[in-house]
Amino acid sequence: MLVPWAPIAATSVVAAAASSYYFSNMAISNDAKTATLKGDDQWVDLKLKSSKDLSHNTKALIFELPTPDSTLGLTTASALLTKYVTPKGSNVVRPYTPVSDPDSKGEFELVVKSYPEGKMSKHIHELKEGDTLSFKGPIIKYQWQPNLHKEITLIGAGTGITPLYQLISAINKNPEDKTKVNLFYGNATEGDILLKDEIDAIAKAKPQQFNVHYFLDKPSDNWKGENGFISEEFIKGNSPAADSDNVKVFVCGPPPFYKAISGAKVSPTDQGEVDGALKNLGFNKDQVFKF
């Protein structure tokens, strides 16, 4: 089975409908006193400190927290909501996953890809230094526990790398966490690969623990990674089988990617049935998590 790349899109309707679930399942940081987002359903306006282009349509943005000692208030594998009000008075709400360390103080980082029809992503890309954006959260996604799984597989595409990178970063940061990680990450071109320097540095420092494969749909002549889409055969040959002990697979990407790899989520509270490549390989609902 071949897996297509496509833009990740989230609608304000979905974000709003999920709000009651999200905020009844909060991931509060260990130090609640310094947390900026406290899980109380209150929007907090934060100022853009700086931004830089990562590619022709992707930016890294640093937002200031209220004080130099403030933390954002998220834990590993959690996210937040962003909001802005249009000139006509409509609320636009979208979820994003920060890529900075949850324990970072004074600021945090988002990586945002702009899509032609993406109201929030276009708005964020137009922000200037000193402009503010409203945030709320945190949103729990998955409660990571070190060493719960001997080995995990992360399968992502496009900006779907952000929650997967959170897991990679947390495992790398914790010397007691010996979880082995396989990352299969697909994009259209080399310029679309996000966080590559950070991921490569981790894999180079701990090659026995972090196994990374990049896939390009449109590789250049000198590309040394994998060509084409993430195939069922590649997953089978480069990660633990479904009958392995305590196996876990994490998936994040656009809707066509979910459909091909794992099957779609039904709602924020319902992971849906496992379908696609992972179903064909024998994985069940307990073994697969869809961000």
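Positions of Cβ are set from backbone N, Cα and C atoms, glycine also.
Positions annotated as transmembrane segment by Swiss-Prot, on the basis of sequence analysis: 7-23.
The domain 'FAD-binding FR-type' annotation in Swiss-Prot covers 41-145 and is backed by sequence analysis.
For Leu148 (FAD binding site), the same-chain residues 6+ apart in sequence whose C-beta sits under 8 angstroms from its C-beta are Thr179, Asn246, Lys248. Annotated FAD binding site per Swiss-Prot: 148-183, in sequence order.
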> Reported in the order helix, strand, coil, what are the DSSP residue counts of the domain 'FAD-binding FR-type' (41-145)?
Replying inline: 8 helix, 50 strand, 47 coil
> According to DSSP, does Thr153 (FAD binding site) fall in a helix, a strand, or coil?
Replying inline: strand
> Does anything in the same chain, at least 6 positions from Lys178 (FAD binding site), have a Cβ under 8 Å from its Cβ, and if so what?
Replying inline: Asn147, Gln209
> Within 10 angstroms of the C-beta of Pro163 (FAD binding site), what count of other C-beta atoms is obtained when all protein chains are considered?
Replying inline: 25
